[in-house]
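For 1-58, the entry in TrEMBL reads region 'Disordered'. What TrEMBL lists as transmembrane segment is 66-93, 105-122, 134-155, 167-185, 197-215, 227-249, 261-284, 296-316, 328-352, 372-390, 422-447, 500-520 (among others). Residues or ranges marked as domain 'Major facilitator superfamily (MFS) profile' by TrEMBL: 68-523.
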């Protein structure tokens, strides 16, 4: 096993062997007409010979395979745990910084999702150049260090510094997710076993949120909230060590062009993309906190949009763009718009369901987390079911079904009577919402996979993951703006929460409208 730190290379290890999340799903889906030809017997035999020669990643035993897949799935689990660990004990953490404003509290979650979504494409390209195993392991190390600092931030007495720490935390999962998907993609040939591994990867997302929220709530209520971050750091370091030993590094591939590794990183595109996304997101989430009448909010928004315009121009002329030109199609715009609408609604649902439960109903953080535990079970069932449906139902139809699930869950939250028993609407929310999550991501990934070349398969998962996480952060900003304008300067808290929830209903409804248009287009083209 090669455990040395890899040197930069000009061609991805997995460019020909790892379809990333695109390989998640069976390629027998009805609208896979544009997928390239299947590999010939000679190509399959060559791949088997490469594996036997050590360039692949054969498993010496079932135990080693379980360790490898478990470590890869831990990336998804820890990413969602990082989101859940601040949502549940939000007010406990806020009180230590003297923060009670909903707008300021929302930054604790939004700053994390912001960097997860913003840095994924860049981190995926780093994996292509320096090796997926190396960046994956580095992601856990970064995540652990940032979590340690986030715990120590309690002594700074500064909520802004804690927001920065949360943003730094998010860079770790941004390194983990695209490279985890690439590693799974290279490990398994297309088939039932590969589908099952990716189903397991997807199924850990809801469970990660539940685990993170329960552990953080228990430690916050009974010990001290920084311990949640220190425990997370310890877990990250353990997974980094485990990944170093159980994931096999692949030998560099031969370059197919004369581009340097710096050109392959697309540094101008990376800088403008990250800066533009950060500025737009910061302005959108800061507006509800300080008010949109404050000049710097809309100035940063305009500057961010201009920088994103520069990013698009650079990408259209770059030798090796982060976003290949084949991404810029009307169909992919349809798909990403649907996913953005649904997942922005989801972020609102999670954040405000916890706020209503704790602030209005008076539930403890641990009690609310326990009530949300059903999400893990429902999400696991949804992930496995989706893996089966992908081979029999058009992805466009599945996207519409996902938006319906998001809409139902959000509508139940917006109309939830405060004194109603948990087993009525609240329980149904935890059962329905995960289906929106675990249907929309693989369906969107499959569609993008079928519309890009084999060389750019890894981009499909990265783009969808970027939109998912970035939309969660943007959704919180939109909901925060509505809440700030309808709660009468904080005098009617419940009305503010209702307004934010109905903003989520509108976004999910928008997703249904766009998805319906996409289904019609899909069946009539």
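Backbone N, Cα and C define each Cβ position, glycine as well.
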Outside the transmembrane segment (66-93), six or more residues from its ends: residues with CB under 8 Å to it:
57, 59, 100, 105, 108-109, 112-113, 116, 136, 139-140, 143, 147, 162, 166, 169-170, 173, 176-177, 180, 183-184, 187, 197, 200-202, 204-217, 220-221, 225, 228-229, 232, 235-236, 239, 242-243, 246-247, 350-351, 354-355, 358-359, 365-366, 368-369, 472
Can we call the transmembrane segment (134-155) and the transmembrane segment (372-390) in contact, meaning three or more C-beta pairs below 8 angstroms at a sequence separation of 6+?
no
In the predicted model, what is the mean pLDDT computed over the domain 'Major facilitator superfamily (MFS) profile' (68-523)?
88
How about long-range neighbours of the transmembrane segment (105-122): same chain, 6 or more residues beyond its ends, C-beta under 8 Å?
79, 82-83, 86-87, 90-91, 93-94, 99, 159, 162-164, 166-171, 173-175, 177-178, 270, 273-274, 277-278, 281-282, 285, 288-289, 322-323, 347, 351, 459, 462-463, 465-473, 476-477, 479-480
Between the transmembrane segment (500-520) and the transmembrane segment (328-352), are there at least three Cβ pairs closer than 8 Å, leaving out pairs fewer than 6 positions apart?
yes
Counting only CB pairs under 8 A, let me know which of 227-249, 261-284, 422-447 has the most with the transmembrane segment (328-352).
422-447
Short question: which residues 6 or more past the ends of the transmembrane segment (261-284) have a Cβ under 8 Å from it?
8-10, 110, 114, 117-119, 121-122, 125-126, 128-129, 297-298, 300-301, 303-308, 310-311, 314-315, 318-323, 470, 473-474, 477-478
